[in-house]
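Here's what TrEMBL has on this protein:
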- A:458: active site, proton donor/acceptor (ACT_SITE)
- A:134, A:135, A:136, A:137, A:138, A:139, A:140, A:267, A:268, A:269, A:270, A:271, A:272, A:273: FAD binding site (BINDING)
- A:401: substrate binding site (BINDING)
- A:102-283: domain 'FAD-binding PCMH-type' (DOMAIN)
- A:318: site 'Important for enzyme activity' (SITE)
């Protein structure tokens with residue numbers, strides 16, 4: 001396929017690569033000046049060093065599972081079990097470097113081939129009272145796939161990677177049915193053969209799955225243009241201990257509460273999502289990324305708010321605060337960024353905040369009006385190069401984190417969202433909490449999802465790792481930030497990372513004890529023995 | 001206030017009146033030619049003819065309620081109780097003409113002044129095991145406010161009309177908090193003092209309330225531009241038998257399932273909505289209504305679909321089928337419509353379908369591109385007059401129905417929604433069901449809510465009333481249509497009328513037995529003794 005055909009046939013995001021993840025020596029020097037000297041700590045432990053107790057999966061259950069999925073799809077060797085022991089949070093990664101920290105290792109991994117097999121696997125787990133952890137791309141950063149037992153003797157990981165099909169496409173209604181295990185790039189590749197795209201590109205895009213996006217209420221980088229994942233869900237099919245459950249027959253309904261919205265975000269606690277019918281769109285024929293600089297965070301927020309409230313948001317909208325802008329320039333650390341700094345200073349921007357905007361397809365035409373609005377607000381155009389640079393490295397975050405981890409940096413992200421009038425106060429509270437609970441941290445923040453009534457705040461935290469207690473160090477900082485959010489009542493405990501195990505203690509502050517009681521009651525109705533993803537979502 | 005200031009300060013819909021509702025003799029002649037001779041039947045019975053049993057409200061409960069809301073706000077005289085005996089469905093209206101049909105009359109009407117009083121009233125009802133029917137505008141057409149007892153000795157109507165305040169406005173976040181009893185025009189009047197509008201204009205606008213819109217997942221005529229009511233809800237406050245419940249702290253969240261979507265659409269079964277925080281927008285400075293004609297229903301649907309899928313939908317979009325177009329012209333029955341018919345015939349439109357489009361404010365600029373797309377699809381422009389005519393009469397439907405009722409016509413509406421590729425088949429099935437179950441009916445249909453993946457279908461049914469069994473006549477027809485929807489699996493039992501008592505038997509077909517089990521479990525968590533709106537929503 002030549003370049004032009006490729007461009008037409010495949011959505012732009014499938015071509016976005018990961019930028020170089022090695023940090024230049026100058027960048028490392030800058031970082032250690034800011035956060036203090038870092039000592040490369042324990043390396044990733046070899047599997048043999050991690051404690052893997054013998055599988056407790058009962059023999060009769062193993063036999064039944066083998067009959068359902070085939071013996072080659074019931075895995076109990078330590079390597080396979082370790083590979084599905086948790087997700088990709090900083091704590092998850094630390095636990096692989098510190099064998100004594102205790103990984104939650106499942107007793108087996110089962111790989112069903114289709115929704116029917118998922119249902120039958122659940123039936124066996126009900127019969128033998130085995131806990132079940134649904135597993136997609138394993139990219140949870142909130143402990144959402146940790147193999148907790150919830151009081152059961154055995155726990156198995158239900159890996160959905162074999163549910164990898166595009167089941168059907170309805171080009172008239174613009175709906176595609178995808179199985180839960182389809183990863184982001186594969187979804188786009190299969191849809192591209194029909195000239196269609198989903199347009200859902202979270203940073204986890206390369207590994208995360210359709211089922212995971214639905215289970216966690218994911219939001220992609222292009223959420224302003226394509227919507228949050230929950231907005232794309234037309235219908236959903238779940239396997240539950242009480243049988244199969246299908247929800248959603250129409251684009252909109254008033255037939256009681258929208259139960260699709262109960263399934264979406266249920267994080268495997270109400271059922272295993274096996275198929276999702278999703279709204280799709282034609283592949284955009286063009287795209288354009290551009291960057292601007294605004295003087296100061298408050299002005300930047302106001303500029304984004306005006307775009308959102310006038311219906312002029314770009315499909316991708318991303319505003320970095322002063323520190324994140326400064327860090328991005330310092331870590332890139334080349335002659336171009338030096339030039340950019342001089343240019344911004346010459347234009348009188350004392351506290352430049354970088355704003356990256358991206359437009360796809362027909363919305364490229366809306367660009368002009370947005371740019372006019374930005375210039376009126378004092379934004380300085382930086383052209384396409386820095387916008388394109390961001391686009392090229394859009395999925396590089398996790399790899400960059402790996403590189404920092406190797407250097408002995410404590411590095412993690414956390415996020416929230418609030419209404420516009422609360423956003424400034426919440427920003428300050430979270431920053432203060434992180435600064436007070438860590439020694440000389442670098443706290444960076446950006447808005448990457450904007451709405452008419454508010455926006456998300458995404459924090460990146462870097463600090464010199466405390467090798468004596470790296471896990472405790474981050475747990476204390478994370479708790480300080482989470483408590484700042486929950487106690488303030490100003491924001492949500494998560495805008496798009498979900499609850500998992502890590503945010504469960506803060507959920508009641510947000511949805512009330514009654515909310516917890518309602519979710520618990522709903523769970524009991526579909527999962528009376530509590531085998532589904534124990535220890536997640538519900539406190 | 002002069003006209004111009006008035007135009008700026010008050011949203012257009014507050015100025016829309018009801019067109020003349022008297023039917024011209026020529027229109028009546030045309031109608032009887034189509035559906036057969038109608039015999040004006042029983043008039044509305046005087047209150048004295050309707051059976052009102054003595055109030056069964058226990059004395060101790062009445063005393064406690066009087067302490068909470070003041071004795072003047074606990075009403076037990078027959079007139080007040082009859083006035084809140086059901087909603088405005090055709091069956092509700094018939095029951096007031098046929099005393100023997102049996103109205104469900106509440107034992108008392110209680111009017112709390114604020115959310116705190118609502119909570120305390122519920123506490124008394126829990127203590128004395130009294131059923132509670134939350135009551136807003138009383139415009140339900142699905143039996144949603146019928147005073148069913150659900151096995152309790154006493155039932156009271158909780159009338160929210162005193163919760164009539166605009167609680168707060170956040171102009172930065174563009175959020176307004178409104179109490180549940182605020183009616184459509186009052187909401188717009190109060191918001192207009194801040195230059196803001198909600199833009200929610202269902203046909204029930206003049207009487208229906210904020211709480212009712214939320215409880216029933218209402219969709220307004222401008223839903224393409226302003227969204228469905230559920231899309232506007234930022235947060236919601238409910239009184240429940242287990243205490244107060246508040247949901248929603250951020251514009252978007254991934255903190256588990258979106259429980260706001262469980263409260264919205266719960267129809268008074270999970271709590272009494274007392275306050276809603278809503279996204280608001282500036283009052284549009286201009287508006288434009290225009291009409292087009294498309295040759296044939298299928299072409300009309302395709303034209304609307306293309307607008308929806310290209311992001312070019314007008315804020316108001318309304319496509320009538322051939323029969324509804326024909327009826328509208330016949331019932332208007334003046335020289336202008338005769339001219340219009342000749343014009344359409346001369347342009348070669350054998351089966352004209354009327355398409356009314358309305359744009360508000362900034363979206364007026366999008367008009368040109370939509371019109372270009374429509375012309376390319378063969379639509380014929382009819383100018384602004386017929387569009388304006390529709391706008392002027394946009395809330396007249398209920399009054400027109402009253403006039404038809406007087407003439408002895410069986411007249412009612414019902415609605416559904418489906419994905420585009422199912423819409424044609426569902427349309428045919430519902431029409432066939434209505435035609436088979438009624439003698440010579442006139443079945444009219446329009447699409448008034450369009451989405452990227454599908455649209456609503458709104459049917460109006462007219463037939464000569466069977467005075468021997470008017471209630472049975474409509475019950476059989478309604479069941480035939482509802483069963484056609486539910487059994488086909490192609491559409492929802494309601495796009496914006498809700499479930500109430502009338503659709504409850506069809507809910508399980510749509511959300512599954514598991515869906516019903518989950519809702520039942522959720523209800524038990526907040527309303528363990530089942531006092532809240534019994535007999536509604538849940539089968």
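From the backbone N, Cα and C atoms, a Cβ is placed for every residue, glycine too.
TrEMBL feature annotations superimposed on the structure.
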residue	record	DSSP (3 states)
A:134	FAD binding site	strand
A:140	FAD binding site	coil
A:268	FAD binding site	coil
A:318	site 'Important for enzyme activity'	strand
A:401	substrate binding site	helix
A:458	active site, proton donor/acceptor	strand
Spatially closest candidate among A:318, A:401, A:458, the listed recorded positions, to residue A:138 (FAD binding site) (Cα to Cα): A:401
PLDDT averaged over the residues of the domain 'FAD-binding PCMH-type' (A:102-283): 97
Site of maximum Cβ density within 10 Å, from recorded positions A:318, A:401: A:318
Candidate nearest residue A:318 (site 'Important for enzyme activity') in space, where candidates are the recorded positions A:140, A:268, A:272, A:401, A:458 and distance is Cα-Cα: A:458
For residue A:136 (FAD binding site), nearby residues of its own chain (Cβ under 8 Å, 6 or more apart in sequence): A:160, A:161, A:180, A:181, A:208, A:209, A:210, A:211, A:212, A:215
Residue A:270 (FAD binding site) to residue A:458 (active site, proton donor/acceptor) - Cα separation in whole Å: 28
Residues satisfying Cβ distance under 8 Å from residue A:272 (FAD binding site), sequence separation of at least 6: A:118, A:122, A:132, A:134, A:158, A:160, A:180, A:211, A:238, A:239, A:240, A:532
C-beta crowding around residue A:138 (FAD binding site), within 10 angstroms: 22
Proximal but sequence-remote residues of the same chain as residue A:268 (FAD binding site) (Cβ under 8 Å, at least 6 apart): A:132, A:133, A:134, A:144, A:215, A:532, A:533, A:536
Largest CA-to-CA spread of FAD binders A:134, A:135, A:136, A:137, A:138, A:139, A:140, A:267, A:268, A:269, A:270, A:271, A:272, A:273, angstrom: 20
Spatial neighbours of residue A:140 (FAD binding site) that are distant in sequence (at least 6 apart) but have CB under 8 A: A:86, A:87, A:88, A:89, A:212, A:216, A:498, A:500
Cα distance (Å, whole number) from residue A:401 (substrate binding site) to the residue listed as 'active site, proton donor/acceptor': 15
